[in-house]
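K.L.:
The structure follows.
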Amino acid sequence: MMRPPAHAPAPGQARHKRWAASLDVHIHPSVPDVLFLLARGPLPVLPVGSNREVIVDIPCANAVLRGADIYAVGVHAAEAPLRPGDPVSVFVDLDGRCLRGQSKRYTGSKVFIGNGHALLGRDDLYRFSPKELKDRGVGVLMTEPIYESPSLNDIFDHGLVLQNLPSILVSHALQPEPHHTILDMCAAPGGKTTHIAALTDNKATIIALDRSKPKILRLAAHVQALGWSSIRPLVCDATACVLSPERSAAFNWDSDLPAPGSRIRALPRESFDRILLDGPCSALGQRPSFTSSVNPAILKHHPAYQRSIFHAAHALLKPGGRLVYSTCTFTIDENERNVASFLAEFPDMELVRHDPASDPVDWRQAAQPGHPSVAFPTEADRASVCRFDPHRPTSVVLGPDGSPLELDTIGFFFAVFRKHARPAAPSP
């Protein structure tokens with residue numbers, strides 16, 4: 001991965017938006033392929049009563065909190081009259097009830113996310129369809145967001161990928177090697193998949209599955225554009241992706257594996273040295289998050305669905321292989337109770353603890369042990385799983401002046417499993 005010098009300033013956006021100071025880029029001292037910057041906020045920014053109000057939807061507001069400006073297509077409504085150059089106060093519509101193009105000040109449930117300047121007026125914003133607006137560029141420049149963080153939309157052109165730190169640690173915990181055959185069971189959009197390719201110098205064989213054809217096609221185009229030839233994205237249902245023993249024995253990796261972007265029904269048993277199971281989950285740990293549509297039925301569905309994928313993963317993993325199970329949520333049923341269930345159902349699986357001798361990156365850094373309400377076989381097993389709490393720092397590093405810097409996190413969980421190797425057959 002591309003690494004600029006430590007503490008390299010990136011003043012362009014800060015100067016353009018007239019921020020008081022630029023934000024510096026740092027290299028993480030214990031995870032060498034990680035760059036980070038410290039956003040500033042929440043800042044004491046208030047809406048200006050004389051400003052025109054602009055309304056955005058929740059996905060757009062999440063992007064603003066991560067440093068984005070508001071593209072024209074994202075300006076859901078704007079108070080009239082609005083002309084280019086006018087100062088605006090930006091709010092997010094929490095209920096989704098604001099009508100697109102509404103000209104009156106919205107009085108529904110809304111939250112302020114910052115001030116900015118309109119680059120387009122109402123005449124430009126609402127005489128085009130949303131499809132036509134996609135090519136109109138930025139509609140509002142965010143000069144006073146409640147969090148100062150630069151837009152990172154162009155970093156993909158420089159070989160960098162946006163990831164939360166726990167997601168990065170997952171790939172390190174997998175311990176992938178260039179000679180491995182690796183399976184990413186729920187790969188889209190592909191951040192962890194490409195990280196695994198980078199860790200293996202693009203020399204491993206990486207099968208990336210997802211049940212969604214459009215997602216796989218996007219991933220296939222992405223990895224081809226970036227030259228990740230070791231990744232083969234394929235459409236497949238991870239809950240039913242295991243060949244019978246007979247078909248597994250007859251599988252030919254040269255002729256039976258379809259082209260990237262194609263569909264494959266199933267894969268041969270015990271074929272993978274490493275498996276990542278970062279499956280669908282309730283995603284309650286994601287940040288930023290203004291609201292959640294998760295309901296009790298969804299919370300009840302996910303653990304069983306995740307266990308069905310684990311069944312397939314167990315069958316596909318080679319004896320002696322390593323499997324990482326991860327979620328971006330903090331519910332106990334999807335995390336610790338699932339892990340305890342896996343251990344009870346598959347006695348040939350064991351949890352792996354971080355070993356400094358074999359794991360150069362401390363993938364347990366600042367993680368909490370498993371929740372005390374769940375019974376693990378041993379306390380060592382509870383200490384092996386990694387629970388990340390948004391209210392606790394992920395890691396503490398030293399800044400350029402020697403002062404401690406706390407890096408926060410999303411809500412996240414992962415556990416590392418190893419499948420027991422079979423005893424060697426006795427000599428005849």
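Heads up, the Cβ atoms here are built off N, Cα and C, so glycines get one too.
Because TrEMBL annotations are produced automatically, they should be read as predictions rather than curated entries.
Residues annotated as domain 'SAM-dependent MTase RsmB/NOP-type' in TrEMBL: 92-420. Annotated S-adenosyl-L-methionine binding site per TrEMBL: CYS186, ALA187, ALA188, PRO189, GLY190, GLY191, LYS192, ASP210, ASP237, ASP278, in sequence order. The feature active site, nucleophile is assigned by TrEMBL to CYS328.
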K.L.:
Under 8 Å Cβ to Cβ from GLY190 (S-adenosyl-L-methionine binding site), same chain, six or more residues apart: give me those in sequence order, or none if nothing qualifies.
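P.N.:
Listed in sequence order: ALA208, LEU219, HIS222, VAL223, ILE231, PRO233.
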K.L.:
What residues, ordered by sequence, lie under 8 A Cβ-to-Cβ from LYS192 (S-adenosyl-L-methionine binding site) and sit at least six positions away in the same chain?
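P.N.:
Counting only residues 6 or more apart in sequence, the Cβ neighbours of LYS192 (S-adenosyl-L-methionine binding site) under 8 Å are GLN163, SER167, VAL170, SER171, ASP184, LEU276, ASP278.
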K.L.:
Measuring Cα to Cα, how many angstrom lie between ASP237 (S-adenosyl-L-methionine binding site) and the residue listed as 'active site, nucleophile'?
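P.N.:
The Cα atom of ASP237 (S-adenosyl-L-methionine binding site) is 20 Å away from the Cα atom of the residue listed as 'active site, nucleophile'.
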K.L.:
What is the interatomic distance between the Cα atoms of ALA188 (S-adenosyl-L-methionine binding site) and the residue listed as 'active site, nucleophile', given in whole Å?
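P.N.:
For ALA188 (S-adenosyl-L-methionine binding site) versus the residue listed as 'active site, nucleophile', the Cα atoms are 14 Å apart.
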K.L.:
Tell me, roughly as an integer, the mean pLDDT over the domain 'SAM-dependent MTase RsmB/NOP-type' (92-420).
P.N.:
92
K.L.:
To the nearest whole angstrom, what is the C-alpha distance linking CYS186 (S-adenosyl-L-methionine binding site) and CYS328 (active site, nucleophile)?
P.N.:
13
K.L.:
Whole number in angstrom, please: the longest C-alpha to C-alpha distance across CYS186, ALA187, ALA188, PRO189, GLY190, GLY191, LYS192, ASP210, ASP237, ASP278 for S-adenosyl-L-methionine.
P.N.:
20
